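Worksheet: the structure to be examined is printed underneath.
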Amino acid sequence: MNILWFQSGGCSGCTLSFLGLEEMDLIEWSRSMQLNWLWHPSLTEHSGSETQAMLDAVLKDEIKLDIFCLEGSVIMGPKGSGRFHMLAGTETPAKELIERLSEKADYVLAVGTCAAFGGITASPPNTVEATGLQYDQNFAGSLLPTNFKSRAGLPVINISGCPVHPGWVAETIGLIRFQKLKTEHLDPYNRPRFYADKLVHHGCSRNEYYEYKASAVKPSDLGCMMEHMGCVGTVAHADCNERPWNGNGSCTKGGYPCVDCTSPDFGHLNHSYQETPKIGNIPVGLPSDMPKAWFIALSTLAKSATPKRLKINAISERIEISPEIKRKKL
Amino acid sequence: MSKIIIGPFNRVEGDLEVQLEIEAQKVTSARVNSTLFRGFESMLQGRPLGDALVYAPRICGICSVSQSVAAAQALSQIYGISPPENGQRAINLMLANENAADLLTHFYLFFMPDFARGIYKDRTWFSDSQKRFKAMQGVSSARAIEARSHWLKMMGTLAGHWPHTLAIQPGGCSRSLNDAEVMQMLLYAQKLRHFLENSLLHDKLENFLALENEADLQSWQQQHADSDLGLFIAIATDLSLHELGKSDALLMSYGSFPESNGQRLIPSGVYRNGEFHLLNPSHIQEDISHANYQGDIHSSPWHQAQMPLLDNPDAYSWCKAPRLKGEVAETGSLARQVMAKQPLILDLIQRYGSCVYSRILARTLELVKLTVQVESWLQQGFSETGHFFTEPGDIVHQRGVGLIEAARGSLGHWLEVKNNRIYSYQIIAPTTWNFSPRDQQNTPGALEKALENTPLYDGETDPVNVQHIVRSFDPCMVCTVH
Ligand code: SF4
Ligand code: SF4
């Protein structure tokens, strides 16, 4: 399969994250997926005129394009001209090339939240008029129209994440390679369901603190970060606490809140990322699928029953009180 | 005279274009253009202070931790605090981990593949170089990618994930670490040591670090000719890489890795024609005479222009031209190791100046040094009773500056606060220095100068020497413009 990876308004972080794939080094993985890299901004050999000739050949249908990946937002500005990102060595705005390549590909992948929805690059005031490839935040239709389908009949596949998890990319491409990726495997924002149907809260090591509303108040505390520190793991669609990052990590294991980096709104929060907005004492954003009254009732009850161990550990850097050892009577 | 425009480049981060004027098979003048603008500085204006820690890492996916460290340092000055010892050590570990990962990636994936290009097919070393380094095929490259993923597991433990962590805070680190976790990280460090010893050097790291001058290095090369670095040195001698890509800029380092004794492992300073000078950060200014911005042509980072302007006829880049009291500066491993008075690198700089050969050796040496340093920090571990985090109180200063060393060189964040919000945010990245366009005096930036006099081979459209010189700086265009 011929694959072409292109970068526009982003930070290269998704490439660098992807390069960290742990199951197999990327060279061996590419071989086992039978991928032929036509161009990757960090990995392939040729530059300049050879690259331009290759792009021409793809656009003239002389080279088949199986997978087209875009990393980074599409830059539309100023005034729709795209001149804030001209492809080096050419007089062409990057957005024009992105649009034309998308039309040639069997599958189009938006890798990372910038490419999928606009992401941080589209953050206000968005001087550069950045947008996602087929979505502008949560509105369908941007550079590519709402009804765009790649040659294989799928919309742009939005592997959102800031950065993307290497496994999300590798598995999506694996599914494509074995022709197992169908429209019904994508969620309403066209993110692959295998990771977007999970919540970050699933498997978080702070779940016990959450149950008893034993909350962290500052970075380095062990408690749940939902109440005060802006954690939105209960509504964030991703498997970050089930599928480890870089060996054994995750945001919440690292001691900082999930900021919902896979969401179409990432980069558009109108309050501080590291504080939970509240009305009275009640956090504004409630867990998915939970009526407010229930949440309040449950939290009040939980708070009244919080064991001392959790209350103290929640606001400590290290475990201060160990769990009691229950001895079985023989 | 003829003119050529080269682009897009790969194996540099972000989009880069180089315009060359050529006469008699030699470059007479070069202009470097970063072709992408995003506008991070205006995104940060008016936001709550802590949001700098969410935005800053996303300026760059390869030196994301460095951006966080600079932002956290600027914020810590605003709050008048500094991280406790444990927290500082954790941050130093993260920064060293990222810097080493970058140096490793640069050598194996960005720089060496150019020596496996067809143009060199008649050289004696070609088949060896191709076998090891060919882009997306090389056996050494594949092993380096594997070593890199293992090494970055340290980040999972320290930082939650890499890139784009929120673990680095003005008060320290958001994650406390225990001895068992330190033991785990020590294994990741030793794994990198094994790779470097078995593939890069075919020798103990310590033996390599003991080399004191070019003569030592050449005799080391004779004994370790079949290592990846041994091969590079052979190629460098054959192609005279010590004559390629000379920059006459001063070398600059902001200093890095503060330790509990108040010293920094890498000192700050300036090196000019064999002499060491103190660095005065208030001498840093940016010039936009040849960049696409509106505002004062010349101003300090506190008053910098951020709004784009596309119809300045003199402008050819989104990169501004930073100058140190009007002078062009080069930054990176070479500058740092010179500042640290590392004997081998001092000898190289005195012999050859800043060139492709000295830049690459300084990077390799730094990669080895960092690996040993990380092992030693981990062996010392953390204080069992000490803290990782100090809680910030009130704002005590309106201005804060974070001056740190990313893998690619000196990185600065200038942050001003008004009414509890970010009032202005200015970033000068390492490649902004190295790949700067001309200034008002028409003085070329470090790369522009380094490209002058580059010899070209017959009939080349994308001259390979230009590729070597450009990549010898390990450029990152996304940082540069941001
Ligand atoms: S820290 Fe976040 S993800 Fe973890 S338990 Fe609390 S709410 Fe859930
Ligand atoms: S935990 Fe949340 S912020 Fe962190 S990577 Fe996962 S989705 Fe993104």
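Any Cβ shown, glycine's included, is placed from N, Cα and C.
Copied over from TrEMBL:
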type    : residues                               : note
BINDING : A:CYS11, A:CYS14, A:CYS114, A:CYS162   : [4Fe-4S] cluster 1 binding site
BINDING : A:HIS201, A:CYS204, A:CYS224, A:CYS231 : [4Fe-4S] cluster 2 binding site
BINDING : A:CYS240, A:CYS258, A:CYS261           : [3Fe-4S] cluster binding site
DOMAIN  : A:11-173                               : domain 'NADH:ubiquinone oxidoreductase-like 20kDa subunit'
DOMAIN  : A:198-270                              : domain 'Cytochrome-c3 hydrogenase C-terminal'
Using Cβ atoms and a cut-off of under 8 Å, determine which of the binding-site residues A:CYS11, A:CYS14, A:CYS224 neighbour chain B, and list them by sequence position, or give 'none'.
A:CYS11, A:CYS14
Cβ under 6 Å from ligand 1: qualifying binding-site residues of A:CYS204, A:CYS224, A:CYS261:
A:CYS204, A:CYS224
Distance-selected binding-site residues near ligand 2 (C-beta under 6 Å), from A:CYS114, A:CYS204, A:CYS224, A:CYS231:
none
From the Cα of A:CYS224 ([4Fe-4S] cluster 2 binding site) across to the Cα of A:CYS14 ([4Fe-4S] cluster 1 binding site), what is the distance in angstrom?
28
A:CYS231 ([4Fe-4S] cluster 2 binding site) to A:CYS261 ([3Fe-4S] cluster binding site): how many Å between their Cα atoms?
11
A correct count of other C-beta atoms within 10 Å of the C-beta of A:CYS224 ([4Fe-4S] cluster 2 binding site) gives 28
Return the residues near A:CYS258 ([3Fe-4S] cluster binding site) by Cβ distance under 8 Å, restricted to its own chain and a separation of at least 6 in sequence.
A:VAL200, A:MET225, A:CYS231, A:VAL232, A:GLY233, A:ALA236, A:CYS240, A:CYS251, A:THR252
To the nearest Å, how far is the Cα of A:CYS261 ([3Fe-4S] cluster binding site) from the Cα of A:CYS162 ([4Fe-4S] cluster 1 binding site)?
5
Cβ contacts within 10 Å for A:HIS201 ([4Fe-4S] cluster 2 binding site), all chains included, total 23
For A:CYS224 ([4Fe-4S] cluster 2 binding site) and A:CYS114 ([4Fe-4S] cluster 1 binding site), what Cα-Cα distance in Å is obtained after rounding to a whole number?
29
Who sits close to A:CYS114 ([4Fe-4S] cluster 1 binding site): which same-chain residues at least 6 apart have their Cβ under 8 Å from its Cβ?
A:GLY9, A:GLY10, A:GLU71, A:GLY72, A:SER73, A:ILE120, A:THR121, A:ALA122, A:ALA130, A:GLY132, A:CYS162
Suppose you look only at the domain 'Cytochrome-c3 hydrogenase C-terminal' (A:198-270); what would the mean pLDDT be?
97
If you count, for each of the binding-site residues A:CYS11, A:CYS14, A:CYS204, A:CYS231, A:CYS240, the other Cβ atoms lying within 10 Å of its Cβ, which residue has the minimum?
A:CYS204
Based on Cβ atoms within 10 Å, give me the single least packed residue among the binding-site residues A:CYS162, A:CYS261.
A:CYS261
Per DSSP, A:CYS14 ([4Fe-4S] cluster 1 binding site) is which: helix, strand or coil?
helix
